Amino acid sequence: MSDDFFPVPEDWAKNALMDKAARAADYARSIDDADAYWLERAQRLDWITPPTRANESSFVEADFGVKWFADGVLNVSANCIDRHLATRGDQAAIIWEPDSPDAEPRRYSYAQVHEQVCRFANVLKAAGARKGDRITLYLPMIPEAAFALLACARIGAVHSVVFGGFSPEALAGRIIDCDSTLVVTADEGRRAGKAVPLKANVDAALKDCPSVKTVIVVQATGGAVTMAPGRDLWLHEEAAKLSPDCPPEPMNAEDPLFILYTSGSTGKPKGVLHTTGGYLLWASLTHELCFDYRPGDIYWCAADIGWVTGHSYIVYGPLANGATTLMYEGVPNYPTPARIWEVVDRHQVQTIFTAPTVLRALMKEGDEFVHATSRKSLRLLGTVGEPINPEAWRWYHSVVGEGRCPIIDTWWQTETGAAMIAPTPGATDLKPGSATLPMPGVVPQIVDSEGQVLDGATEGNLVIAQSWPGQMRTVWGDHDRFFQTYFTTFPGKYTTGDGARRDAEGYYWITGRVDDVINVSGHRMGTAEVESALVLHESVAEAAVVGFPHDIKGQGIYAYVTLNAHEEPTDELRKTLVKWVRTEIGPIATPDAIQFAPGLPKTRSGKIMRRILRKIAEGEVSAQALGDTSTLADPSVVDNLVANRQG
Ligand code: 6R9
């Protein structure tokens, strides 16, 4: 076995859901006989009215739109819960591992999840929520977060989950954008032994959100909160008064299921909209194929429910498949860097799915934390969120998995709903650092900057040539922005914003974003968002933000800040600005470096030359690295930037 090629192990090939030939045949059919293929695949879901039509999407302006299974009717929560009751009502649907290893884990069978979700749905209904209403969820990683998603789906309300690490300002912006009338939160969250004041953050956010009439509060820690009479209700008090049954609302396949805000290269975060039928099919099919899901498996996706990975691979995919999904409240290195592997042993987990940034951080702590645990239950190791460097891949494979477990590197995006390029264990030979091959129906292409399709082994912009069931349907409230953002750079194709290389065997290697989006610890961050936050500060005249390589986070945030006249560039102000950004957006947007810049490198037409700023942040300051600066309005600003580089 060479260091950069890992063939499918024999025992895996023997027992695979699909072997190599079957995977190739399945993929070919998904393209050549697409409608029949997808109508057949759609049968994995329970439909109230089965669809008779599959893909009716178009990426060209004249008849632009994304539409799948348009005459089908179903309910997502019935697919994730009710249909399993007869066969696995007593099986664990959700196992919850608390932040503290000394606290008791909780286990909910499918029957118990059914009751919890029905009561929750009835609470939402009693508060006036109806099909199509938007409900914002701002919750910690507790079982009630999964119940809340499913309760919304049950009544046909559209959930918008806002990550619990976002600030009140960021939360308010997302509530206002989708006009939510109802917010669900908890008294507090708990991470690494510290309380996160979620309810207090909601109170602060709601000062700017008159549309919100009701706040439902989950009692998670018992911490003190203020309840606004007439507005705030305790979930447990309301749920106890209502029926443990709630009929699922029949939904058209194209009715909205959820909105999830994500960062782009321009403007404020976009509300990515996913709908009911295609999304659920995509989440459930890819969960089965990527993770070789078998009944009885304990499966753990260690993401937060605030990100798309949490939606598709903690809740919808696994529960649609009748799996047991583990939810973890805390962080990977608390109280020690052995915690993840201890949780694996405690619950006898078969599959773990995490991010490269987590692996790099744990790797740095030394192998002894891994060796202190058994990990014998592990069968598969997944990764997502950013390119995995081959060193972390090999560590995951040899140290964590002791060479037994395939690494499933899944490339995808909030916009794609679930995995797009990923290995199928048992069918795909692995290469460290490559997400390998496309999932069924996915047609990746590599194009040059003019949009020419490049064949064979090559490198360029990654686009997807045709629709797949889990594709986003629109940007909430701005359909034109959806078209402009994703379908005009390379007309007729979906632009991913990622660069990629394809090798001679057709394997894809994602090289990272080609736009102004940076990836900090697997979290997407628009440089424009951080810039907008900085210029809101009274001392700041202008700001330009770029990413730079960071050992643990993948990319760090480097901000160039031009102060207003008469402002002193002090360390004090630098600290203030860091804190300012944390308050405006949230801790994930904390700048790693702030450089005061009397001037920014601009073209004569006023465009900031980010290429130069990126080079300086990376420490590449030779004339050769900086390239041609002659088109700058004032080339001398570059010397000042180089001289005052941070870090
Ligand atoms: C699922 C998720 C999407 C961006 C995407 C890309 C990066 C995600 C990756 C990966 C290389 C992988 N990305 N998975 N890059 N290899 N396996 O992360 O969604 O938060 O929308 O981020 O993340 O750059 O464009 P999202």
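Backbone N, Cα and C atoms are what each Cβ position is placed from, and that goes for glycine too.
Binding site for ATP per TrEMBL: Gly385, Glu386, Pro387, Asp409, Thr410, Trp411, Trp412, Gln413, Thr414, Asp498, Arg524, plus Arg513 from the candidate set Arg360, Arg481, Arg513. Neighbours of the Mg(2+) site: apart from Val535, His537, Val540, residues of the same chain with C-beta atoms within 8 angstroms of the site's C-beta centroid are Ala533, Leu534, Leu536, Glu538, Ser539, Ala541, Glu542, Ala543, Val561, Leu577, Trp580. Cα of His537 (Mg(2+) binding site) to Cα of Arg582 (CoA binding site): a distance of 12 Å.
In the shown protein chains, 20 other C-beta atoms lie within 10 A of the C-beta of Ser521 (CoA binding site). Recorded residues Thr414 (ATP binding site) and Ala192 (CoA binding site) have their alpha carbons 27 Å apart, per Cα-Cα distance. The DSSP secondary structure for His537 (Mg(2+) binding site) is coil. Checked against ligand 1, the binding-site residues Thr309, Thr414, Ser521 give Thr309, Thr414 as the ones with a Cβ under 6 Å from it, listed in sequence order. Ser521 (CoA binding site) sits 8 Å from Gly385 (ATP binding site), taking the Cα positions as reference. Cβ-based neighbour count (10 Å, all protein chains) for Lys194 (CoA binding site) stands at 11.
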